[in-house]
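Everything below concerns the one structure shown next.
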Amino acid sequence: YVAAVYEHESILSPNPTALVDRRAALALMARNLDIYEQQVAVAAGQGAQIIVFPEDGIHGFNFTRTSIYPYLDLFLPGHSVEWNPCREPRLFNDTEVLQRLSCMALKNKIFLVANLGTKQPCEHVDPHCPSDGRYQFNTNVVFDDDGALVATYRKHNLYFEDAFDTPPEADYVLFDTPFAGKFGVFTCFDILFFEPAVNLVRQYNVKQVVYPTAWMNQLPLLSAVEFQQAFATAFNINILAANIHHPALGMTGSGIYTPVKSFIYHNMQSSGGKLIVAEIPVITPDYKTSLESSKILGENLYHSYSMFKSASMDDQVCYKEGQEVPCRVAQSEESSAPFYAEMMYDNFTFVPVQEDKGELKVCANTLCCYLRYQRAASTHELYALGAFDGLHTVHGTYYVQACALVKCGSPHFSSCGQEVTAAAALMDFQLWANVSTPYVFPLLLTSGVTLDFADHMGWKNNHYFISKNGTSSGLLTAALYGRWYEKD
């Protein structure tokens, strides 16, 4: 099928905390919707059957609970209300934005996914009802190619969004298409949590996901395109991800991802929006994910892990040629002394990668990371292998087990973990770790914030591994990002 995502440079309110009336709010949103309208027509002209727009693209961000109110449309649950806003515009009040989006879908005969703010009155007998008597939700809506509202999703994991409420329970939202079967829906920060994103994909066997986001890039492990691809790869699904474009705020990075190919846009230099249109294969529900094929391993992980831990961990693990099975290396090849540096606001334990080839090991808590590497040619860049096993507590609280080979910011150890966007070293590597969670996201980022795909990845002997012979350009990050959801 042919999919489109639009990275939108939204026209923002010059003063989002100021109180305005509905008319002024609609006038600002109309300017963004005018751009949406043009892009829908262009995408449809290129054969797109579905288009996804970013989070906060219509109204912007940094509102207070009160100042966003005039920007909110009425919340309507997509699965229980049969309504075509373009054909029946007078059915509900305060639905001007929904009507315009519906008409774009109808006019261009395209499925359309967009994000807007919605309001829902509630009674004080509802224990969750806010004191002002209404819910305010960060909402994704989906219209079919006839303009009917077919799905509504309320964001569950809010990221410093004082204007919005968390819904009383997580939404699991699916919608059906004639061209690719069912799609799942979630938003931005949701991608880092079990509910509802991972549970939706696992429980409902979802193979295509639409993903509006307003993501601030954080290198080296959480740039938008890097994690979007890792999620698609880990679950063997297609993801249609639309990010907002505000480079001054670190926001860019959209793409259409399949498990084996990505069509991406990451641009921190220029302004303006970007439409991506790509033809991708439908993934059928019987297509096994790398997580599913390792499900048995995952379930046996805790048991075998404790047995493995009791075995001697002093000697290093390596790979014999042609074998993807850990073997033992002589003690003499132990890695250099570890050092500590902050990466992603977490205190990583690092060992320097100083030779042109070698084998290294670094541990943190119960996590041990192993690297076998060879540089194609000598560069004077410092790389380091880092491990973190603990609760991440800045800009969100969640438990991470991460093994990361990263390019450092300078020749000084203290620069390891800094945000770096250029690298020259081409590297062959095998990276593996005794992660305690079955949920591992393989990250592979190259110079200029471009993506590469691993040659092999998966479980072997209770270790998750990723291997690559020759990155396409200089290596920025190769990492195993494990999320231990139970310990959040």
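Note: Cβ is positioned from N, Cα and C throughout, glycine not excepted.
Feature annotations, courtesy of TrEMBL:
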type	residues	note
DOMAIN	15-282	domain 'CN hydrolase'
ACT_SITE	Glu55	active site, proton acceptor
ACT_SITE	Lys155	active site, proton donor
ACT_SITE	Cys188	active site, nucleophile
> What count of other C-beta atoms do you get within 10 angstroms of the C-beta of the residue listed as 'active site, proton donor', across all chains shown?
Replying inline: 25
> Sorted by position, what residues of the same chain at least six away from Cys188 (active site, nucleophile) have a C-beta under 8 A from it?
Replying inline: Glu55, Lys155, Asn157, Tyr159, Tyr211, Pro212, Thr213, Ala214, Trp215
>> Could you tell me the mean pLDDT the prediction assigns to the domain 'CN hydrolase' (15-282)?
In response: 97
> Counting across all protein chains shown, how many other Cβ atoms sit within 10 Å of the Cβ of Glu55 (active site, proton acceptor)?
Replying inline: 28
